[in-house]
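**Student:** Below is one structure. I have some questions about it.
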Amino acid sequence: NQNPCPLSKHLAPNQDLNETSNCHTRPRAESHMMANSGVPDPGGESPDVSSTPVIGTDQGKTAPPNPEGDALPLIRSLHERASTSASISTPRGGGSGNGSSAVKVKVKEKLQNFKRAVVTFGKFVGPGFMVAVAYIDPGNYATDVAAGASYQFRLLFVVLLSNIFAIFLQTLSIKLGTVSGLNLAEACRAFLPRWANYGLYAMAEGAIVATDVAEVIGTAIAINLLVPQIPLVAGCALSILEVMLILVFYRPTGSIRGLRTFEYFVMGLVLAVVVCFCIQLSLIRDTAAVGEVFRGYLPSRELVEQKALYQACGILGATVMPHSLYLGSGIVQARLYDFDVKSGLLPPTLSESPGEGARRSNGGCSDDGLKGYIPSLDAIRHSLKYSVAELALALFSFALFVNSAILIVAGAALYNTPEAVDADLFGIHDLLSKSIAPIAGTVFALALLFSGVSAGIVCTIAGQMVSEGALRWTIRPWLRRLITRSISIVPSIVIAAAVGREGLDAALNGSQVALSIVLPFITAPLIYFTALDKFMMVRPGMARFGGHYGADDEETLEGDNGEEGGQGVKGRLRRWLRIKSCYSERGAVRMANSWWVTCFGVVVWLIITVMNVANLVLLGKDGS
């Protein structure tokens, strides 16, 4: 009898049904009460039935069902559990403990993120200092000393402006090398007509020779000042030996640890130059000129004078170096490749050393460069921000400090000294020794030596990049460096032997004029490449080498009759460009410059061109 009458005298069925009813309603009642009271169910489990009084029974005696009386023990149990869970979850000190602990967690996370960013940034330190070497070469010494002797500290504004222009152009250079995987010489060979590529190569090679001549002359003069027994001709010959010995250890496609060791050595030379000029500044006794120094970084009316304009053009030409743009675009690929390898973003057949992957993709040629390497989007986004930050730090701190220090020392010690305006490096050494202290001349010679050696190293590396990228030389790297260095050494030795000290000074000034002429032609394609989408489109996915595409890329090239193809590097890069032009249809990411960056680049180019033309005009008037 499953449905007994409530008034039935058979108590057993009624008791059994009451027990069954209580067992089913207890979980539902508990969940209903927890929902109404807002207390969560601890552990998501039902309460222990054995610890809850059985509703409807009293010590073995049967009682009729009483819903209101049955719920009272359950309500007490739920309140006890709620109070227990609240006491466990709430720490001492009240509700404010939750807020303070949350703040501590956020602060700890921010500190960890900051530490991680600093460690990652430290891995990118090096290339910016190698670029900064180009801005503290011996060619800057004569122009900065002449400006300080003529106008004291008033041309510091030109030094600051030149440094800002240099940071902007070097940022574009890093962006080109990071996004495309090509240095500036390789980009000119891949994207420009043949006649334009060869013309730019001739100008770049001329600029590198002119720069290297200045480095050789500065090194030879520094050696002669420190050790007078060594003649200038021998000093020029020694410069090729020391640089070649150092460049033996330069392996751009070797292990990243070996590359960073070489970069640290160059950083040591830069820091040595900085220490020398810190000593020079400490020897200046006139401390009342501090305010004048800071006012010199603001524009002044003297800048419109003919002599000041001539010296300003000389500072700009000596500061913004053409070969540094090639260098900046070619030394960033190693870290991009390292990121792709460690992140597993290279195809399995190309996850070897950079040189091995390049040889495989280039048909087995023995080349030590990352030819045709196309970085992944993740590597570009990871590396670009750190590379630009490291470059800006190196140029805005060390390069700006050294160029400003040269002018400040000259302005404090040689101002209104007629002999200092047209003095050569020998004369500057003698004037500093007399006006400040004998040790000042020795420190100046040491700084000149460190600058010449470091600048010679990076100039030779840039010459190798230009020759490889524009002409694709296939000889051994050490032989390329020897040829590049010899092209600059031979004229210097001939001038030193035939004319002597006066000839070296004239050659040093002539090298700066040559750099001023070439600079607008080198910067124009850099601004052009980074402004167009067809050169700066990045396809998401894995990295690859030119000529080693996926199946979907081969579909893009279906129907190619070979007019734009070919088996050489030129043909592969053209095929690579065609693929990049189709990336916009496949979710490619645009990384070209925005319109305002392009406009600013055009303005910078116009200013550099006008100032260099004015420099040549004023130089012609002085010569006549």
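Counting starts with 1 at the first residue shown.
Cβ coordinates come from backbone N, Cα and C, glycine included.
Automated prediction, rather than curation, is the source of TrEMBL annotations.
Features from TrEMBL:
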type     : residues : note
REGION   : 1-72     : region 'Disordered'
COMPBIAS : 15-24    : compositional bias 'Polar residues'
TRANSMEM : 117-136  : transmembrane segment
TRANSMEM : 156-177  : transmembrane segment
TRANSMEM : 198-223  : transmembrane segment
TRANSMEM : 229-250  : transmembrane segment
TRANSMEM : 262-284  : transmembrane segment
TRANSMEM : 308-327  : transmembrane segment
TRANSMEM : 391-415  : transmembrane segment
TRANSMEM : 435-461  : transmembrane segment
TRANSMEM : 482-500  : transmembrane segment
TRANSMEM : 512-532  : transmembrane segment
TRANSMEM : 595-618  : transmembrane segment
**Student:** Counting only pairs at least 6 apart in sequence, do the transmembrane segment (512-532) and the transmembrane segment (482-500) share 3+ Cβ pairs under 8 Å?
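**Tutor:** No, the stretches stay apart by this measure.
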**Student:** Do the transmembrane segment (117-136) and the transmembrane segment (595-618) share at least 3 Cβ pairs closer than 8 Å, excluding pairs fewer than 6 residues apart in sequence?
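**Tutor:** They are not in contact.
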**Student:** Take the transmembrane segment (156-177) and find every residue of the same chain, 6 or more past its ends, with a Cβ under 8 Å from one of its Cβ atoms.
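**Tutor:** Residues packing against the transmembrane segment (156-177) from afar: 131, 135, 144, 147, 183-184, 187, 293, 296-300, 303, 311-312, 315-316, 319-320, 324-326, 328-333, 384, 387-388, 391-392, 395-396, 399-400, 403-404, 407-408, 523, 526-527, 529-530, 536, 591, 593, 600-601, 604, 607-608.
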**Student:** Which listed range (198-223, 391-415, 435-461, 482-500) shows the maximal number of Cβ pairs under 8 Å with respect to the transmembrane segment (308-327)?
**Tutor:** 198-223
**Student:** If you count every Cβ pair below 8 Å, which range out of 262-284, 391-415, 435-461, 482-500, 595-618 shares the most with the transmembrane segment (198-223)?
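**Tutor:** Answer, by Cβ pair count: 435-461.
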**Student:** Below 8 angstroms Cβ to Cβ, which residues of this chain, lying six or more residues outside the transmembrane segment (435-461), approach it?
**Tutor:** 130-131, 133-134, 136-138, 141, 208, 211-212, 214-216, 218-219, 221-223, 225-226, 239, 242-243, 246-247, 250, 266, 269-270, 272-273, 276-277, 279-280, 283-284, 323-324, 327, 331, 409, 413-414, 417, 425, 428-429, 481, 484-485, 488
**Student:** Give residue numbers and ranges for long-range contacts of the transmembrane segment (482-500): same chain, 6 or more residues beyond its ends, CB-CB under 8 A.
**Tutor:** 205, 208-209, 212-213, 215-217, 220, 232-233, 235-237, 239-240, 243-244, 456, 459-460, 463-464, 467, 506-507
